[in-house]
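Peer 1: Sending over a structure as structure tokens; questions will come in a sec.
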Amino acid sequence: MTAPRTLYDKIWDDHVVDVGPDGSALLYIDRHLVHEVTSPQAFEGLRVAGRKVHAPHKTLAVVDHNVQTSDRSKGIEDPESRTQLEALAENVRDFGIEFYDALDRRQGIVHIIGPEQGFTLPGQTIVCGDSHTSTHGAFGALAHGIGTSEVEHVLATQTLIQRKAKNMRVTVDGTLPPGVSAKDIVLAIIGEIGTAGGTGHVIEYAGEAIRALSMEGRMTICNMSIEGGARAGMVAPDEITYAYVKDRPKAPKGAAFDAARRYWESLVSDEGAQFDREIRLDAANLPPLVSWGTSPEDIVSILGTVPDPAQIADENKRQSKEKALAYMGLTPGMRMTDITLDRVFIGSCTNGRIEDLRIVAKMVEGRKVHDGVSAMVVPGSGLVKAQAEAEGIDRILKDAGFDWREPGCSMCLGMNPDKLRPGERCASTSNRNFEGRQGPRGRTHLVSPAMAAAAAVAGRFVDIREWRG
């Protein structure tokens with residue numbers, strides 16, 4: 001009798017081509033996503049070796065990191081960014097890969113366009129030269145980031161040499177209170193386990209609160225698995241998954257969809273399957289959260305205060321948190337609701353989907369962005385932007401004083417014109433608050449879309465459970 005297996009075990013086993021004497025496995029890769037930053041050297045390696053792309057139809061390319069989110073008719077000003085975009089256009093043409101350029105209405109952030117095109121499906125192995133590839137695990141896929149040399153290996157062979165990770169399960173039961181979202185769940189998880197807590201593991205997210213989430217919410221949680229140190233994050237597929245996937249452009253159709261669904265329904269962890277680590281959270285006890293430091297583990301309730309590093313026993317950790325406070329310009333004991341803001345950024349592969357934008361529009365309709373705040377909303381893709389405009393969301397946001405942009409990674413990272421100026425403080429719906437992440441000496445606070453929207457109007461962080469504008 002076969003031993004009970006986890007969701008991760010099942011997908012891994014289904015994709016092992018061969019196992020080496022050292023225990024490493026040659027893993028078949030179903031889907032490969034590429035963008036302009038981590039792919040140029042990989043394609044050049046193929047040229048030098050005289051190789052072709054093994055399965056061009058299993059790779060999808062898009063520009064996202066370097067594209068400007070303002071007027072695109074002027075082109076890219078930064079020469080290095082322009083070179084990377086031009087290189088990707090040339091590479092996909094030479095190797096026969098489907099490509100969404102900056103003017104394609106399907107263009108967007110790589111981890112948003114994959115799911116919305118139906119390129120991402122349950123049970124697949126999915127890789128990309130980007131750490132937030134874990135996003136696709138929301139569909140019950142094994143998805144993780146890879147390095148540039150591995151990008152070349154996948155292009156050439158459609159395989160990767162991997163070592164199997166350990167299994168970890170995070171169970172979130174209960175019902176989320178009003179004003180608390182998927183972003184708060186994943187920030188709470190990272191706050192609980194730390195940024196190294198998932199190291200060497202693939203996390204399966206389970207429980208009543210996870211099952212109640214939309215696909216957008218599940219993608220938000222899986223997106224930040226890497227911030228918890230995990231190799232990947234996964235949610236078992238269910239009716240919500242199937243409904244999202246069905247009729248997507250690249251999803252199976254008709255009898256092929258029915259056959260695929262029968263397989264997808266087997267993608268659940270068996271009763272009695274063993275996990276190397278288990279974590280449990282009660283969703284009912286979660287408040288809206290805000291990050292205060294320079295690590296995603298530095299989180300606190302909106303009604304909390306900036307912690308005092310002097311209370312930390314470990315000297316190295318204490319010094320690290322003292323450095324974070326100095327960088328952020330905060331003092332121990334300061335109330336989070338007293339922190340004022342210069343900028344608000346709503347977007348990214350964490351929170352740039354239509355559900356996120358609907359939440360923001362609902363929060364700010366009939367209100368105005370605070371005089372001292374510059375706020376921008378960047379849709380995650382051209383299709384998200386078009387849907388938002390069809391619903392009138394853009395009008396609501398622009399009337400409130402938000403800058404409505406073209407799709408791209410934007411201010412999530414300082415690789416394009418959307419950057420913080422030194423010393424500026426930003427409420428951001430993105431996934432990382434490292435030093436300089438959004439621009440040199442910029443200060444980033446991670447929050448949910450609703451929290452960011454309210455902060456834009458109030459000019460400071462507020463408890464959205466009680467906020468009325």
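Heads up, the Cβ atoms here are built off N, Cα and C, so glycines get one too.
Sharing the features that Swiss-Prot gives for it:
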type    : residues               : note
BINDING : Cys349, Cys409, Cys412 : [4Fe-4S] cluster binding site
Peer 1: Counting across all protein chains present, how many other Cβ atoms fall within 10 Å of the Cβ of Cys412 ([4Fe-4S] cluster binding site)?
Peer 2: 29
Peer 1: When you measure from the Cβ of Cys409 ([4Fe-4S] cluster binding site), how many other Cβ atoms are you left with inside 10 Å?
Peer 2: 30
Peer 1: Counting every protein chain present, what is the number of Cβ atoms, excluding its own, within 10 Å of the Cβ of Cys349 ([4Fe-4S] cluster binding site)?
Peer 2: 28
Peer 1: Tell me, by DSSP, whether Cys409 ([4Fe-4S] cluster binding site) is helix, strand or coil?
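Peer 2: Its secondary structure by DSSP: coil.
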Peer 1: Would you list the other residues of this chain near [4Fe-4S] cluster - those whose C-beta lies within 8 angstroms of the C-beta centroid of Cys349, Cys409, Cys412 - in sequence order?
Peer 2: Asp64, His65, Ile109, His111, His132, Gly347, Ser348, Thr350, Gly352, Gly380, Gly408, Ser410, Leu413, Ser430, Asn431
